[in-house]
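Single-structure report; data block below.
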Amino acid sequence: MTPTLMWPEKVWGLFLLVLSFSQACGQVCRHIGEVEKPQLSKEGDVILGGIFYFHNRWKTRENAYTAKPLPTECRSLNFRGFQFAQAMLFTINEINKRTDLLPDVIVGYKIYDSCANIVNSIKLVLALTNRQDKESASDEESCTKPAQVQAIMGESSSSPCTAIASVIGPFHIPVISHFATCACLSDKNKYPSFLRTIPSDHYQSRALAQLVKYFGWTWVGAVRSNDDYGNNGMATFIETAEELGICVEYSVAVFRTDPMIKILQIIDIIKSSTSKVIVTFLSPGDLNVLLQEFSQHNLTGYQWVGSESWISDSHIAAMDVHHILDGAVGLSIPKAHVTGMKEFILDVKQLSSSSKELFREFWEALFDCKFEDSVSTTTENQRECSGHEDLAGVKNIFTDMSLMPIFYNIYKGVYAVAHALHDILSCNNTCNKTAQLDPFTILQHIRSTHFKTKEGDEVYFNENGDPPAKYEIINWQPTENGNVEFVPVGLYDASLPADRQRLNFKSLQVPVSVCSEKCPPGTRKVLQKGKPVCCYDCLRCADGEISNSTDSISCVRCHSEFWSNERRDACIKKKEEFLSYEEMMGALLTAASLLGTCLTAVVMFIFFRYRRTPIVRANNSELSFLLLFSLTLCFLCSLTFIGRPSGWSCMLRHTAFGITFVLCISCVLGKTMVVLMAFRATLPGSNVMKWFGPAQQRLCVLGFTLIQVIICILWLSISPPSPNKNFNVAKDRIILECALGSALGFWAVLGYIGLLAMFCFILAFLARKLPDNFNEAKFITFSMLIFCAVWVTFIPAYVSSPGKFSVAVEIFAILSSSFGLLICIFIPKCYIILLKPERNTKKNLMGKEGPTH
């Protein structure tokens, strides 16, 4: 609960002066100043003090300090203060009637009106501490007398409690508050004798932050009372809110006495804000001031979150005629019921026996009437008081029992003192009334007391003098008749272990109040420059990254074998890419390979069928058949490049390609050398052919091929080709390829083929114009030219082609060079064999026949 006024530090001089007299060491003490008379009092064996404010305001006077200041003139009657006082009187009467608690001990009381003035509160607590039995201020009495009260009940708000607890603390006189919630009062170093029966805002502030978090409100405004209650409570809320990821757009303070210009500034701030939730730590008085202005400015459409000071106050609901607070939610002290208390509070006539003047003022305000002898002038609309009016038809703050949980707090506080005194006086059937009632002893017993009320609730205090923190979560729900119903929608119990302190809710429909909408999965939050952490943009995760939760602050990169889906909220297995038989390119290359194999087989069949003809026998038919066989292997080895790479296919494709091509070129080289040697053999005295007969040709082919076999064996032994998953060529797929292993081995195989091809090309080029009708040199020249052109262009194309296309380039080079050899060397011969058989004669081969027409 909130205080009523900030109190000036200048007053401390007066207090210290009074304290110096009360603590003076000597034989006699003298009262200075007038005796403070309580508004309600009763003598007893033990006395309880009470400080409540029966008035909300006081008349301000300017003191010139040239004359004695006049007493405070209180104004604006406060019915809540009377209810608190009645609750205290009810409890004392109930204790006095009991025989099991403080038997034969009469509990008396002295209750003062602080007039909602902190200076008055301090003056009154000093009056309760010092005995003021004498009317004359000049009477002398011993300084060693004990305090006139054993404990003090009050005040009803935090700032007055901090003041009186600071003053009374050194005397160890217990001060028990029913409505002061500031967490600062839990500091036993500053306030050693302060206790309370209402939970500390330490718990409420955190519970409110969890409440806001529960409903998903991350962008809120804050309005607080400009006092200890509001400032401390809101500071704790903001600290906890930041820990929970909640941002406060603005935080403004207000006090009921603020000038109108400041109230209007607060309204402008709320109107210009984007948050739709307002968290409040406000006293009812401060909220009343705001409500009046909110109504004039039609400040509706906001979700209010309230503290216990007003969330269950029916007077606030009655003041909210424009339904600005409809739908408000907040924390309230759990509902309570004390048998007989309501009836006692409403029995106001008993007040007349204690203070007729206060009774008459209260009665006139309660029934809106005036007694005949009243000093005030009766207006035309006011009737005359009879003193016998009936409360049955009256509905106002006094008859409203919505603050019964607070009355119950007073009830528990008085009973805590009674139980402590019961133990100190060693009460059984009777009590030891001669026992010394030391304030420190009473304080210690109150702190350690633990009992159950007649309603079955446990009462005890922790090491900070605070009770267990339990709250109901209240929701303001409008009814059909235009009133507001306080509906409990949840519970919060801070007395449970931390892992069980949860907000338990019934279903509610709540508005949305966020600075930025939640970032969906697949995006990440990026803070907006110069704004709180709750204001952000949602950026789509980059390729290969995902976020699978809402409001993710970062994106997670997928594993190398996975890739992000289209929504960027899951990693999916990358598609594996390789040249397969099913796709169009693989099918075409396979068809070309099989076509080349079939053509080679057909040529081989033709050559075998016409093996005895001069054109087949002319250029070493054995080398021709071996060349055709090697071409067949060349066409077939291209098939090993198609399909999913495996260990055996990677080793086979490169070594088979290297060996078959060397075998092929060796045969071509052999045929070229045969042509050259044959021409050399026709020269007189030449004996070359006997050194390059069939055996030497076979050894030449075998030797050239064996060199390539050795290179391949070394390659496979040292660092063979192997299957590899390439993640670098494409980000969204895996390229399955054959890693070369040793690059030197691959280029050695390829270089050796090129070296033989160049050598063969040079020899064929030299022999291209030899006079021979069946001279193969010119056809070999063309075939080697094609072969070299293909493989020269292959190298840059192979290096620059990505993924499966590099394999396709290699297959294309193999097929192109194979088709070049097949077509250039064998197709012209097949043409003569099949279509020009008349030219397939020995005479034509020797050039002895004339041209035919």
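Note that Cβ sites are derived from N, Cα and C of the backbone, with glycine treated the same way.
Remember, TrEMBL labels are computer predictions, not curated facts.
Residues or ranges marked as domain 'G-protein coupled receptors family 3 profile' by TrEMBL: 585-849.
Per TrEMBL, the feature signal peptide maps to 1-26.
Marked as transmembrane segment by TrEMBL: 584-610 (among others).
When Cβ-Cβ distances below 8 Å are used as the criterion, the transmembrane segment (622-643) is approached by residues 578-581, 586, 589-590, 593-594, 596-597, 600-601, 603-604, 607-608, 616, 649, 652-653, 656-657, 660-661, 663-664, 667-668, 670-671, 674, 694, 697-698, 701, 807, 810-811, 814-815, 817-818, 821-822, 825-826 of the same chain, each at least six residues removed from its ends. Residues annotated as transmembrane segment in TrEMBL: 622-643 (among others).
What TrEMBL lists as transmembrane segment is 655-679 (among others).
Tertiary neighbourhood of the transmembrane segment (699-718): same-chain residues 623, 626, 651, 654-655, 658-659, 662-663, 665-667, 669-670, 673, 741-742, 745-746, 748-749, 752-753, 756, selected by CB-CB distance under 8 Å and a gap of 6+ residues from either end. According to TrEMBL, the transmembrane segment annotation covers 699-718 (among others).
If you look up TrEMBL, you'll see 746-767 (among others) marked as transmembrane segment.
Within its own chain, the transmembrane segment (779-799) is flanked in space by residues 665, 668, 671-672, 750, 753-754, 757-758, 760-761, 764-765, 768, 806, 809-810, 813, 816-817, 820-821, 823-825, 828, which lie at least six positions past its ends and keep a Cβ under 8 Å from the stretch. Look at TrEMBL and you will find 779-799 (among others) tagged as transmembrane segment.
Taken from TrEMBL, the feature transmembrane segment applies to 811-834 (among others). Listed as Cβ neighbours of the transmembrane segment (811-834) (distance under 8 Å, sequence separation of 6 or more from its ends, same chain) are residues 579, 589, 592-593, 596, 599-600, 603, 606-607, 610, 613, 615-616, 624, 627-628, 631, 634-635, 637-638, 641-642, 657, 661, 664, 668, 671, 776, 779-780, 782-783, 786-787, 790-791, 794, 798, 840.
Here the domain 'G-protein coupled receptors family 3 profile' (585-849) has a mean pLDDT of 80 out of 100.
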